[in-house]
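Visitor: I'd like to ask some things about the structure below.
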Amino acid sequence: MKLIAAVLAGGKSRRFGEDKLLFEINGKPLILHTIDRLEKCNLIKRVVIVASSHNEKVMREFGYEVIVDELEIGPISGLYSALSLGEVLVVGGDMPSLIPEFIDYIIKEFNNSRKIACVPRWSNGYLEPLHAAYSREFREILGERIRKGKYKLGDAIREIPNVCYISIEKLPVEWRESFFNVNRKEDLHIIT
C-alpha cells in the first residue's frame with residue numbers, strides 16, 4: 001500500500017538564522033529538494049506539506065496540498081496533524097538527501113509489520129522519528145500525550161509496544177545519508 005508523504009515545514013529555523021526551507025540551493029528552495037526525492041519513491045501516493053500558520057501562504061505557492069499544524073508545538077503536533085489524512089511517511093522538510101529506496105523499504109516494512117509505527121533505530125537506541133511511517137491509530141496516542149503536555153515524539157514511540165523498529169546498522173551504509181538534515185548554513189556544503 002502506498003502512503004502519503006507528510007513533509008514537516010513548521011519549524012522556526014533558529015540555528016539557521018532565516019527560514020531554511022525557503023533558502024535556495026542550486027536555484028531551488030531546500031524543501032523542494034526534499035520533495036523531489038520523495039517523488040522518486042515508488043510507494044508514495046502524494047506529498048503533503050504540514051505548515052505552520054506563519055508560513056502556510058508561502059508553502060501553498062509550491063503547488064502541493066498544505067495542512068496547517070494549528071498547535072505548533074514541534075514535530076509531535078506536525079505528525080498529529082498529518083495523521084488526520086491517514087497513514088503517513090513523515091520527514092522533515094530540511095532533509096534533501098533522502099534515499100528513495102530507503103523510504104520505499106520503510107514503507108514495505110510498515111505494510112508487512114501491521115504495527116502502529118515503523119521507525120529506524122540506531123544500536124544505541126536513538127530513533128529517527130522524522131524518517132518513519134505511522135498508522136492513523138497513532139494519532140489518538142499523540143493526542144493524549146499532547147493533552148498531558150508531553151511533547152517528545154521519541155518518548156511517545158518508546159512508550160507503545162506495537163512498533164516495528166528498523167535496525168539502521170543492518171542496512172546499506174549509504175542509506176544513512178538519508179537522515180541528514182540542514183540545521184546551519186555550514187551544513188549546506190554537503191548538498192551543493
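Just so it is clear, glycine is given a Cβ too, placed from its N, Cα and C backbone atoms.
Swiss-Prot feature annotations, pasted as is:
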type	residues	note
BINDING	LEU8, ALA9, GLY10, LYS20, ASP69, ASP94	GTP binding site
BINDING	ASP94	Mg(2+) binding site
Visitor: Which residues, sitting 6 or more apart from ASP69 (GTP binding site) on the same chain, put a CB under 8 Å from its CB?
Guide: GLY10, VAL50, ALA51, SER52, SER77, GLY78, TYR80, SER81
Visitor: Can you give me the same-chain residues 6 or more apart in sequence from LEU8 (GTP binding site) with a CB-CB distance under 8 Å?
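Guide: Within the chain, LEU8 (GTP binding site) has Cβ neighbours under 8 Å at VAL50, PRO75, GLY78, LEU79, ALA82, VAL90, VAL91, GLY92, GLY93, LEU130.
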Visitor: According to DSSP, which of helix, strand or coil covers LYS20 (GTP binding site)?
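Guide: LYS20 (GTP binding site) sits in a helix per DSSP.
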